[in-house]
Amino acid sequence: MNPRAWFSDLTPYFVYVLFVATLGPLLFGFHLSELNAPEDVIRCKKSSITAAAAHLPQCIKMEDLEWGVVGSMYTLGGLLGALSAGPLAGRYGRRRTMQLTSVFFIIGPVFESLSPNIGVMAVGRLLSGVGAGASVVVVPIYISEIAPPAQKGFFGAFTQIMCNVGILLTQLLGYFLSHDSYWRFVLAAGGVIGVLQSLGLFFSVESPKYLAEQGHTSQAKKVLRSLRGEDTDINDEFNSWSVDGTSECPELHCQANARPDEEQTLLRNEDEPSTPKTRSGKEEALSIAQVLRHPDYQKAAFAVIMIMLAQQLSGINSIVMYGVSLLADLLASNSALLNLAVSAVNIVVTTGCAPLPDKLGRKACLLQSLAGMGISSLLLAIGIMRAIPVLSAVAVLLFVSSFALGLGPVPFILSAELVGPEAVGATQSIALAANWIATFLVAQFFPLASAKLHGKVYIIFAALSAAFFVFISWFVPETKGKKNADEVWGRERRVD
């Protein structure tokens with residue numbers, strides 16, 4: 001099936017639900033790069049001809065170390081959000097967790113845009129980071145549970161696509177508003193988007209798979225039918241979840257009111273043996289500690305940690321967060337334009353490559369992505385060290401394109417496919433915690449490393465890309481076309 005056929009089968013409500021959910025990753029990308037373009041104005045490196053408001057300073061003077069702290073506070077908040085979101089999504093549901101993240105997306109920008117000093121701005125970045133960290137944990141889970149089964153890889157890429165849209169949006173705003181006090185409007189814009197998501201979630205739905213795992217099967221089927229269309233046969237998809245057939249309504253009443261396809265499911269469930277469940281009718285959700293100790297999931301947890309480290313330690317955020325200042329000496333006033341081009345290319349390539357994980361496989365996309373980023377890092381190192389602007393510009397575009405091929409979208413997909421449903425929330429939290437720790441390291445130390453090593457810092461990124469290439473080739477299994485985690489790892493299902 002080609003993408004055109006996919007879109008013809010989608011319902012408008014599914015598109016709406018997908019869009020509202022992915023506003024979270026959009027804000028993740030927005031806040032990640034919001035300080036990039038207006039950096040010189042915020043730090044008082046550029047003079048202004050307009051007087052500041054009486055109660056707010058025109059700019060906030062910061063040394064490199066202080067600027068690194070403000071940037072890294074976002075990653076600290078992201079770590080807190082990532083560790084919290086998995087358990088919350090498992091206990092209270094995906095939709096409620098997204099509603100909670102939108103609160104942080106609203107409050108954080110208020111502190112940022114109205115900050116009179118470094119401390120207040122750092123608090124705002126921390127709060128925005130909590131929302132972002134939680135969002136990139138729960139949204140990939142939510143998408144994997146509402147997307148049509150044959151296109152999970154394609155729609156899973158929308159997490160990264162919307163992240164790139166957020167980066168482009170903030171770069172556009174920064175390009176036009178990086179003067180006087182207008183940088184505050186750049187930071188405030190994230191709060192407006194947070195309000196829109198909060199309102200949109202009131203008209204969204206809980207994940208039907210989550211509802212089924214909680215034992216609310218009739219409600220799950222109702223939600224699934226609203227996503228797939230009234231005339232769509234949802235029986236096969238529902239049965240693939242392997243959930244208990246019990247629901248919140250009495251058995252005879254449910255059978256009396258069931259559609260023909262649902263009656264077959266109910267009859268089949270009467271004869272099938274059930275696996276141990278909790279009172280809610282689902283397998284007990286595992287905690288982070290339980291996943292790390294579980295014999296079936298230890299390898300999976302290690303794999304997703306390394307994949308997430310690869311995503312960040314390959315160096316992508318050195319461009320996203322510091323690209324304008326990094327290339328300013330080489331490209332002068334064109335560095336901001338290059339970053340706009342980088343953001344646009346990232347969206348185009350990520351969208352164009354979205355079907356590839358379902359066609360080539362997740363692992364193949366990761367390996368090609370790492371190879372491209374390693375080569376591009378070497379070219380960028382040469383371009384900076386030898387002061388070759390054209391080579392540097394081309395290398396940056398190749399670098400970002402390679403990232404969009406696999407390392408951008410695939411890690412978010414794999415985190416939900418390498419483990420069973422009872423471990424998804426905790427594993428996603430583990431994965432994103434590793435991601436945020438790596439992002440913190442880049443955000444905090446790249447400015448210092450770049451000042452000392454200049455272009456040589458990209459030789460380090462190239463070496464890391466090579467190391468992760470070897471690890472993924474040897475350790476990480478392919479998940480394309482596999483029904484569940486047991487099939488991915490080639491093991492028999494444990495019966496407790």
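Glycine residues also receive a Cβ, built from the backbone N, Cα and C atoms like all the rest.
As recorded in TrEMBL:
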- 17-480: domain 'Major facilitator superfamily (MFS) profile' (DOMAIN)
- 260-282: region 'Disordered' (REGION)
- 12-32: transmembrane segment (TRANSMEM)
- 67-88: transmembrane segment (TRANSMEM)
- 126-143: transmembrane segment (TRANSMEM)
- 155-176: transmembrane segment (TRANSMEM)
- 182-203: transmembrane segment (TRANSMEM)
- 300-324: transmembrane segment (TRANSMEM)
- 336-357: transmembrane segment (TRANSMEM)
- 364-384: transmembrane segment (TRANSMEM)
- 390-414: transmembrane segment (TRANSMEM)
- 426-446: transmembrane segment (TRANSMEM)
- 458-476: transmembrane segment (TRANSMEM)
Mean per-residue pLDDT computed across the domain 'Major facilitator superfamily (MFS) profile' (17-480): 84
Highest-contact recorded stretch vs the transmembrane segment (300-324), from 12-32, 67-88, 155-176, 364-384, 458-476, CB pairs under 8 Å: 458-476
Proximity verdict for the transmembrane segment (390-414) and the transmembrane segment (182-203), three or more C-beta pairs under 8 Å: no
Highest-contact recorded stretch vs the transmembrane segment (182-203), from 12-32, 336-357, 458-476, CB pairs under 8 Å: 12-32
For the transmembrane segment (67-88), distant same-chain residues with Cβ under 8 A (at least six beyond the ends): 31-32, 35, 39, 43, 96-97, 100-101, 104, 108, 118, 121-123, 125-138, 285, 287-288, 321, 424-430, 432-433, 435-437, 439-440, 443-445, 447-448
Contacting positions for the transmembrane segment (426-446) when only residues 6+ beyond its ends and CB under 8 Å are counted: 68-69, 71-72, 74-76, 78-79, 82-87, 89-90, 129, 133, 136-138, 140-141, 285-288, 290-292, 297, 300-301, 304-305, 307-309, 311-313, 315, 317-318, 321-322, 411, 415-416, 418-419, 457
